[in-house]
Amino acid sequence: MLDEGRVRAETPGCGSDSGTVFLDSAGSSLPSQVVLDTVIGHLRREAEVGGYRAANERLEDLAAVKTDIGTLINADPSCIALSDSATRAWADFFYSVPLGPGDRILISGSDYASNGIAALQRARATGARVEQIPTDPNGQLDLDAMADMVDERVKLVSVLHVPSNGGLVNPAAEATRIAHSVGALVLLDACQSAGQIALDTRELDVDAMSVTGRKWLRGPRGTGFLYVRPELATTLEPQRLDLHSAQWTSADSYQLAADASRFEFWECDVAGRLGLGAAVRYLLDLGPEDVYAAVAARAEYLRKTLPEIPGVTVRDLGVRHSGIVSFTVDGVAAFDVRDRLAARDITVTVSQASSTLLDMTARGLDAVVRASPHCFVSFDELDRFVAALAEL
Ligand SMILES: *Cc1c(COP(=O)(O)O)cnc(C)c1O
């Protein structure tokens with residue numbers, strides 16, 4: 001079981017009686033003390049000796065960032081490319097997959113706006129088509145419909161693991177099997193799952209996976225990573241290269257890096273990377289399964305309690321649930337709910353239709369309020385949130 005007292009004591013943002021309730025780990029979570037110290041410590045060191053020497057002093061720790069990420073997602077460190085956001089990681093892979101006229105790109109019904117936009121742009125440039133995998137009555141990827149629609153023209157499938165606008169978990173491994181049956185590549189958006197549910201790249205069997213640092217992993221902003229399957233990390237050529245992703249070997253030749261670092265550029269926020277590493281190590285140290293169970297228990301508590309408030313409708317779909325709880329309040333706009341809770345020092349966010357256009361349009365929703373409690377949120381705080389919501 002997770003030691004809630006320890007986690008709270010080690011999270012500077014949740015002072016014991018501060019009165020604040022933080023329910024936005026799906027947006028940008030509260031880092032632990034060790035993450036904060038790591039980032040600030042490195043910035044101080046850069047100010048003392050310059051960025052190059054400061055980085056050279058931390059080469060082992062920088063290498064350990066990928067090792068620890070690999071431990072968390074069951075992947076070899078050579079399959080990890082560090083990035084400055086999940087979107088960049090996702091796009092770095094997505095834009096590198098060769099496509100031609102008549103090829104098909106499949107996206108998920110709850111896909112993220114940036115992914116949908118990129119798919120349309122890529123289709124326009126290559127003559128490929130973008131199609132949506134149908135959604136079943138539970139709001140999840142409809143696996144039967146997907147099996148019926150795939151053929152060998154499908155080259156690339158975007159599977160959205162945990163949508164940003166509601167609490168479902170898509171059957172990613174099953175969808176991947178269907179995509180692979182016709183030889184398509186699968187890119188998994190695990191932005192909202194990393195740090196709150198178990199991710200095992202060998203079990204999922206995806207070809208690539210994108211993750212952000214600042215959400216459930218509780219890392220710094222401006223961090224993320226891409227996982228690339230070993231065979232692709234050594235064969236797929238990224239759209240853009242620099243002197244780190246490739247080596248300039250002669251006047252008319254270059255050689256790609258022999259692992260997933262071909263998807264990285266040389267320049268980076270070293271303090272942020274060390275902070276991301278500290279966040280992953282902290283999660284490993286707490287025990288990921290205990291953290292995941294604590295998140296799930298908090299979200300389930302809200303899903304059970306919120307419907308008891310007159311006028312509140314929980315909007316989560318799905319069979320298996322995540323730590324994201326989405327809801328609407330009759331007669332009160334989502335942004336007003338957010339602002340009125342903020343006035344009481346309770347942080348929730350609004351997820352707008354523009355972020356998950358296909359799903360929200362299909363459900364006739366323009367916005368939902370999103371509460372996403374991490375393991376450092378106490379049940380007392382959840383009750384304070386529920387009471388405040390009842391008073392609206
Ligand atoms: C937040 C989010 C992203 C984007 O992550 P960034 O790190 O901001 O690029 C992508 N997909 C989903 C599902 C998200 O929730």
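Here the Cβ of each residue, glycine as well, is placed from N, Cα and C on the backbone.
As recorded in TrEMBL:
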type    : residues : note
DOMAIN  : 21-385   : domain 'Aminotransferase class V'
MOD_RES : Lys215   : N6-(pyridoxal phosphate)lysine
DSSP state at Lys215 (N6-(pyridoxal phosphate)lysine), helix/strand/coil: coil
Residues that sit under 8 angstroms from Lys215 (N6-(pyridoxal phosphate)lysine) by C-beta distance, when 6+ apart in the chain: Ser25, Ala26, Gly27, Ser28, Ser29, Cys191, Gln192, Ala194, Gly195
